[in-house]
């Protein structure tokens, strides 16, 4: 059976991931993501009403025109998890394909919100959910199967899809950390990866997330971030003023730890901000997390204002607002607090906890720096970098290669400089550039089996 | 009562700490440390047989000639803990003073070893031990008292000495982290610090360890490093080849975690290297730690060789050698392993765990880089930076100022650039340079009460 | 005669410089500068109509309330050169003092423009000009004299004022580079500095610009930047598309080199942007530079638009627009060009020359990065860092100390971290902190002679 | 005619360059270099007596076993210039091939010295010289020709060899800077490159030196370094103590500037150190430079000692020793001076000029740091980084692509991370990975024409 890989997006950048795999005449698409920085560099661009081609020209969403060269039918669109760089283009591109969107329940809920927000295109695609550990048949040959292997990432519901073909398995390895104690949800299913590496024809091809490929060692477990966060929050137990925390809204495990430790030190947690409510609300509705009954979540301006007003009235020493703005985004809650634009007043000595890492890009670093300056001008004390990455570092990559023993490897989710550490590793492990190690770019076709 | 501070060493560098406090006619000396880098930059220098003045000229030990300007009698020499930059000059300088060395039992044991190794001078000073939480009277006035407040650092037996005088307390704040869950030993005694800040005349002067004053946030607890180390070691549970670990020999809590997790993953830990045996041996003899009965500790070349031979014979997959060499020191165990100069053979895929951070100095970084290169040439996989600092970061400094409310502050344990973050903090908190915030250098006298 | 120094502003930051020297009952104020970053961090602040106290509270202008503690009469306000961090607060603060503003002609012209732009306060102070090399008597004692020593900086008309007193000279050393071949204007007058160091009572006090004190070696001459720029521009001689250059508007020597090399490679230079016109216009009116007759300078939006339109019509390959925007300022000419908001179209392969260094502050770096990204999206090729600093590096400081042999030294024009290299140098040269080396902060008085 | 490229060495590192080009049955080898760092990481390795295979195993010299897969006869071995990473393996590998070594006269003289130092193998190959701008026929077909195009680099006699074939030219682009004012020798022959890009079949393949591909802008001309050096040295004209300079021994243009400026400021230059004598001696013998008659060059220990003794006797203020040791190499002249191991005494205030950049590798940075520390302990004042790179930066690469318009591009002289900037540039210019942009590694064959 012919096996061909189309590397559509995310092979020259982090963002706008999209890859298609053709097995015979059946095609499966993995991810349709958005590169938000390509949108934000322009003033006043609203993507909701924009046409796909304009977004493609901006470099914001994958240029899927190479799909025309793939002979076959798209049978499924499979987002691996609910981050925007993996699902943010679905509402712009999926309608072109007569295929369902297949994902885990939490991812599916977020895809549905994407369709709901879309103004230009409707939601033409059926949403199908499948749990980690399960499989479904693809196409009519009876020879191709799609499996979801449970992985751990900084969002719940993350999987690595595996396309089983008569020529071996194609493992799409974006995005994951190798976490055996993930705080929320199941550990990464390394046993299954090892089985896949050894059963049948083994692994024909492994497409790998190179985000941290240049970083040494092992990405720590979420349990390490949790212990770190616990240490910081417990150390503030005696403080009798305001404490504010911020983190990635979609990082439910982290939000859950913040909520729990807030209670432990005698404060009432409150989630504030549109995306805080969106992700945590979805997680709770779907039963992935059971927040305390009295946990407030407020996403709209008026309810947020009321909540902050109540916090100030009741005494801010009794609360932990968990807010958006961990990257210093100019219009996020925390930045507005820092500018004194909300009802919440920061006093000398108040604490701000960034349970997040600064995304290393100068525009972003500038905004974050400015937010911290403004917080400092209000007298706030800042705790930052209480976080672990959601992506494998070098030794995780080493262990994945050892588990899967793939015939071919394709680095993804980075630019050339970001690939370099992974290429070095693969060469040390015996792979050869141009033969079984495929350094490629957006818009290419790689035929593995002819 | 006149109170005067002599800032003798460690006010222009990290290393060779020494400070004297005069209360009336009674003087107490805090620390007598060694700056090892000033020795190592020369080829083939052996300090054991060298005269004090030569070592002073090299900048290796404190220049205590300013002591001649202090009118009074030295009543005690008080090392705060057993690191070389705090006790390494005692055998060269203490004999000049007719006073006992007063320290906690673990520190005292290490001071005794310093005297034993000394070739030029004898051990003229009496060794007196005092436990954290205890006090003793200083001199004959009945007005001056020395108290040991328990603190947490990367070695056991660390205290902050406090000299109580009629004018208020002088708190000597080197070296500490604010750790409420220190894995080994008691948490930092913040309650006592807060009492000292509020009782009697309060705190006249606080001398602070500025090592990390330019770093944001809070230094994590040892329990965070422990969770991190546990995550790394448990993730290697299935590996059936060699694993080697290295850390600071004097860091008994960390060594203890390595020993414990080695057992957890089915490996027999073995401590190898002269300083490994020295510190862990002392800790065990004094009852600070109860290592497993079958734990081997080998400090001499021949016993190390035999141990490694046995490890290779029995199968290195059953052992965890914990060795010296975390900074890539050319003659340490790990570097010799990396050069293939020992009986232990590293194979492709074997793991090396650096439970330590690289000390940021170019000579050192070069050596460590070279050690990793050599390990890589043997096929080893490296995990590094599994560590937390033993020194307060900015928010720890903020909390200490808040607890002690000192009238005067003296930054120490850094150079001018290192002081800068602390000076900024103090100025934000209302201190004024030259009035109650004393940025000084080696060899100065500061008279606080006339 | 009593000599006292008031360190009013710029001793905790770069920006808002202000220092007063009292000799007996006569006071001279050096500089009254603005810290622009403290203004820009707020949204939509217009300083022109603001009151002094509000600007002081923002940290934007010097807090001159310490002047009340200086017993004497202000006889002169002396800005050293025309950069905003030295003259930007004159229109807000000078009116409080009954004294003339004494400066070189070019500086004086720029001070006049500051008064013209001021909306809140009038221009109460007389403007007096004095050339480098000249002196004037201060007060009525006949014992105090003010001298201007010619120095070299990144603007013309820069001097170091020296206050000669019976107790020795007070040399105010902000801002300079030691340039013997400055392209425009006279070399630094080192001979005079050496004389001042040796004549009469010598130098009582030297206040030094520490901007680059942590940088090794010597700041290169403007002639090195000129050779670098020449190399870049000549290498583009054959290019037949658009070339755009940007630099500091006040840097007339650099603008002059750009104009000259443009001609050399067959292009017509045009200066565009409000501050381009302001500084170059003033320099030409005052006879400091003789630009080609056909050099266009356009500062207003409409004339700029017309000029760019003509450039596009005549063929942009025949022009070199020299524009504002070297730091990526969002509203400057170059950034607007990069966003496609002007009549000038950038094509694939067009060249953009940044004859400037990025000011190392995260907000700024973010803006500059974004500007380069936008330029790259238009296909432009970027040449940056074609520049030399206007401030002494370490060896310049060493040579100044050697020339002046001052009794007292006061580091300025930096924060504590920035002072550190200079303090190290002074200590190596025998100065002692707290005795003759005064590390201080904003708002302090230092009495040198009682 | 079949055209095939063998990428033998230097495609995964900087060092041990070697590439073979087969045109039909005729093969030309470009460069045979040494990776010195792979030798130095081992203690006490002497390469002179070592066998090729051992050096290959160490990664020190190219692994030329892939040559067995190239069907044809080696007709010439062509080193591009005389740096060790291009000629350092010739004495170990060239004897395996029955072919002359063809190079420019200066390179040829250095290759001859390599053969003279070799202890294991003889000098089996004929040395043929050819000047820049000349060509020779390769093989018997009359269809293949080898041309030397003059380029500019940090050594004299550098060329880019071009192999003209019926299928187009293969341009081997290592190593060069685009210098139109190179101080010594002719400018780069860009006109010829442009002709080659347009004549006949154009350029089939361009192999490019990516050393600086991640650096923005243009590498400055040697004339900029010269102006910088002049500025530093003239600024020291009045200094009446010792001045010592160091630079790359093979950088004759720089040595020549040092000699000239020494005379200008009234000092007698003297070249000291084995490699100083080797390169400058060769350059003078071959007529590339005409040093002053009284210039001393001393390479052997005894003559160096005598020269330094004479300098100290006559007064070191009259001399400029130009010595080896610009990277802090432990046994070089400057490091020995810094350790006080020579007859030359450094006094407080003496100047040391590093006309070189620190090679950015941690081991090296550590040694250089240590050398500067030792110099500082003697009181020396250090001027460093007075240098320009010998390699193209990004805009040079852009201009080369524009001049040559190659059908295929192969990045070389770096590892994957170093290639990344060049790959980005090529992709922007329309090249596609895997099609006409060949990112490869050591030991591969790329068949361009079948």
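Positions of Cβ are set from backbone N, Cα and C atoms, glycine also.
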One of A:57, A:131, A:175, A:179 listed by TrEMBL as binding Zn(2+) 1 at the site of A:81, A:83, A:153:
A:175
Among A:408, A:413, which residue shares the Zn(2+) 2 site with A:85, A:86, A:175 according to TrEMBL?
A:413
Residue A:85 (Zn(2+) 2 binding site) and residue A:389 (substrate binding site), distance between Cα atoms, whole Å:
16
Just to verify a number: CA distance, residue A:390 (substrate binding site) to residue A:175 (Zn(2+) 1 binding site), in angstrom, no decimals.
7
At the level of the C-alpha atoms, what whole-angstrom distance separates residue A:413 (Zn(2+) 2 binding site) and residue A:81 (Zn(2+) 1 binding site)?
14
Look at the binding-site residues A:83, A:391, A:413 and tell me which residue has the greatest number of other C-beta atoms within 10 angstroms of its C-beta.
A:413
Where residue A:153 (Zn(2+) 1 binding site) and residue A:387 (substrate binding site) are concerned, what is their Cα separation in Å, rounded?
13
Near the substrate site, what residues other than A:387, A:388, A:389, A:390, A:391 in the same chain have a C-beta no further than 8 Å from the centroid of the listed C-beta atoms?
A:154, A:177, A:212, A:219, A:225, A:357
Determine which residues of this chain, when A:85, A:86, A:175, A:413 are set aside, have a Cβ within 8 Å of the centroid of the Zn(2+) 2 site's Cβ atoms, and list them as they appear in the sequence.
A:10, A:14, A:15, A:17, A:31, A:33, A:80, A:81, A:83, A:174, A:209, A:211
Can you give me the residues near the recorded Zn(2+) 1 site, meaning same chain, not A:81, A:83, A:153, A:175 themselves, Cβ no more than 8 Å from the center of the site's Cβ atoms?
A:80, A:82, A:86, A:154, A:155, A:158, A:174, A:176, A:390
Looking only at C-alpha atoms, tell me how far residue A:175 (Zn(2+) 1 binding site) is from residue A:387 (substrate binding site), rounded to the nearest Å.
17
If we count other C-beta atoms within 10 Å, could you say which of the binding-site residues A:85, A:175 has the fewest?
A:85
Can you tell me the mean pLDDT for the domain 'Metallo-beta-lactamase' (A:15-228)?
96
Counting distance between Cα atoms, which of the binding-site residues A:387, A:388, A:391 is nearest residue A:83 (Zn(2+) 1 binding site)?
A:391
Check the Cα-Cα distances from residue A:85 (Zn(2+) 2 binding site) to the binding-site residues A:387, A:388, A:391 and tell me which is shortest.
A:391
Please report how many Å separate the Cα atom of residue A:81 (Zn(2+) 1 binding site) from that of residue A:391 (substrate binding site), as a whole number.
13
Select the most exposed residue of A:81, A:86, A:153, A:387, where exposure means the fewest other Cβ atoms within 10 Å, treating these as the binding-site residues.
A:387
Reported as an integer number of Å, what is the Cα distance between residue A:388 (substrate binding site) and residue A:86 (Zn(2+) 2 binding site)?
20
